[in-house]
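Visitor: Below: one structure in structure tokens.
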Amino acid sequence: MEAVGVAPAPLAAPVKKKLLDLEKPFPAAAAANGAKASPAGKWAMKKKLVGGDAGYVLEDVPHLTDYLPELPTFPNPLQDNPAYSVVKQYFVNPDDTVTQKIVVHKTSARGTHFRRAGPRQRVYFQSDEVNAAIVTCGGLCPGLNTVVRELVCGLYDMYGVTSVVGIEGGYKGFYSKNTIPLTPKSVNDIHKRGGTVLGTSRGGHDTAKIVDCLQDRGINQVYIIGGDGTQKGASVIYEEVRRRGLKCSVVGVPKTIDNDIAVIDKSFGFDTAVEEAQRAINAAHVEAESAENGIGVVKLMGRNSGFIAMYATLASRDVDCCLIPESPFYLEGKGGLLEFIERRLKDNGHMVIVVAEGAGQDLIAKSMNFVDTQDASGNKLLLDVGLWLSQKIKDHFKKKPNFPITLKYIDPTYMIRAVKSNASDNVYCTLLAHSALHGAMAGYTGFTVAPVNGRHAYIPFYRITEKQNKVVITDRMWARVLCSTNQPCFLSHEDVENMKHDDDEHHLHNTQLLEGESSPMKNSAKCNGSAAGV
């Protein structure tokens, strides 16, 4: 390709641009995952905020030209791709953005937006200069192999890139193992398998060693697939790449089976997990229904967020009680879980309980005098709530000899993680991979890609790592679960009112940040500087 001048990073025009360079202490979660701080001992986070009319705020992502302003641009090879010849509009308009909030009032500010994902008319890499690397980190999740496959095939088929390697065994593979050459032929059937062909691990993040590897091997595009801890590590890698002035795009693909990543609509593998959870719930229901006073207890994934348990419960309609980390419960006394179980058995003769792995951890810790410990990624090690709850139920009914029960406990956790992705997740993983590589070729870096309100967008790392997505138990979706199971909420009226008050205060705070000042740019700086989710 022939370079045609020097083009700056595209920005939404004609709005006024303002960058806020904010230094934050090195994040504890990244440190717990093994990441090391920069020599200055700080983790620099630079926010690119673009303000516009009527409270419009674009939280833009970094671009290679932010620190390498003389980079040339080239025509996008997609314009000559036969597969795209019938497409009405090849390329994304540089002014296209995706709004974070779609339900608004007529007097609302336009609010926060993200840059829309997709191919650009100009690219910052020639096909033969690209040397891409792909790594998978953290726990297993359905769809990992599909993302790897589509990244490789997309780079080859759409952009003519022929140098793509895989990093074995997570972050530590950058500096402790050889790379694996990846071609469309070698990855052709991997989407039909669970797990990840590249291997994975927790921890092992050494920023200096990883960036040394990128520099020594001439890697100029790196695709990092993992959860919020992995994305924190990716952000640190980007900052070190930028500090060294390397032409290297650092791109994240968010992965968590728990669906606990903030801002995005959902994470890949979640649909498959909910579908597979149905098998366990169905088995528990059959067991419970076939025995006198049968109880089926199913433990599902959900360390801090109960989305899998909630959606699996709604999809099943055979569940009598759903317990999640966000909704506290108690066992003994009036209105407690044990009283509800006894009443439901008297009414129906059987029941099914679905419990997320992170539910009731405080209750278990108190009863066992357990001291918190963490895994290699800095995640709190959880006690087995399924076994604990099953034993508590058995102990309760032992005191009632005229009320015999039959309890079956099912834990399908690792079976669900290890399956291949379903059709819905396969399509989703393909779109994620294509959006990621389009962004890298266009020179964007330091971002993760995911759908926001149904449109794929480029999101700054800090937005998806600053907090976790959790079930809002004062929201209508959780109310639908309670209607489906007819279980009590196990909360006092005072607890519910306090939660509503907190939500109202949070909403009021965000509204004031966006609408409280006359200057949209002032609002955007305030809003995004405080990491408020609008």
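Numbers run from 1 along the shown chain.
Using N, Cα and C of the backbone, Cβ positions are placed for all residues, glycine too.
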Visitor: Ranges 75-97, 98-120, 512-534: which does TrEMBL label region 'Disordered'?
Guide: 512-534
Visitor: Looking only at THR256, ILE257, ASP258, MET301, GLY302, ARG303, GLU357, TYR414, MET415, ILE416, ARG417, which the record lists for substrate, tell me the maximum pairwise CA distance in angstrom.
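Guide: Pairwise Cα check on THR256, ILE257, ASP258, MET301, GLY302, ARG303, GLU357, TYR414, MET415, ILE416, ARG417 gives a maximum of 17 Å.
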Visitor: Counting distance between Cα atoms, which of the binding-site residues ARG202, GLY227, GLY229 is nearest ASP258 (substrate binding site)?
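Guide: Comparing Cα positions, the candidate nearest ASP258 (substrate binding site) turns out to be GLY227.
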Visitor: Quick one: among the binding-site residues THR230, THR256, which has the most Cβ atoms sitting within 10 Å of its own Cβ?
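Guide: Going through THR230, THR256 one by one, the largest Cβ count within 10 Å is at THR230.
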Visitor: Write out the long-range same-chain contacts of GLY227 (ATP binding site), meaning residues 6 or more apart in sequence whose Cβ is under 8 Å from its Cβ.
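Guide: Looking at Cβ-Cβ distances below 8 Å from GLY227 (ATP binding site), excluding near sequence neighbours, one finds CYS137, GLY138, GLY139, PRO254, LYS255, THR256, ILE261.
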Visitor: What's the CA-CA gap between GLY229 (ATP binding site) and GLU357 (substrate binding site) in angstrom, rounded?
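Guide: GLY229 (ATP binding site) to GLU357 (substrate binding site), Cα-Cα distance: 19 Å.
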Visitor: Just to verify a number: CA distance, THR230 (ATP binding site) to ARG417 (substrate binding site), in angstrom, no decimals.
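Guide: It is 18 Å, counting Cα to Cα.
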Visitor: From the Cα of ARG202 (ATP binding site) across to the Cα of MET415 (substrate binding site), what is the distance in angstrom?
Guide: 19
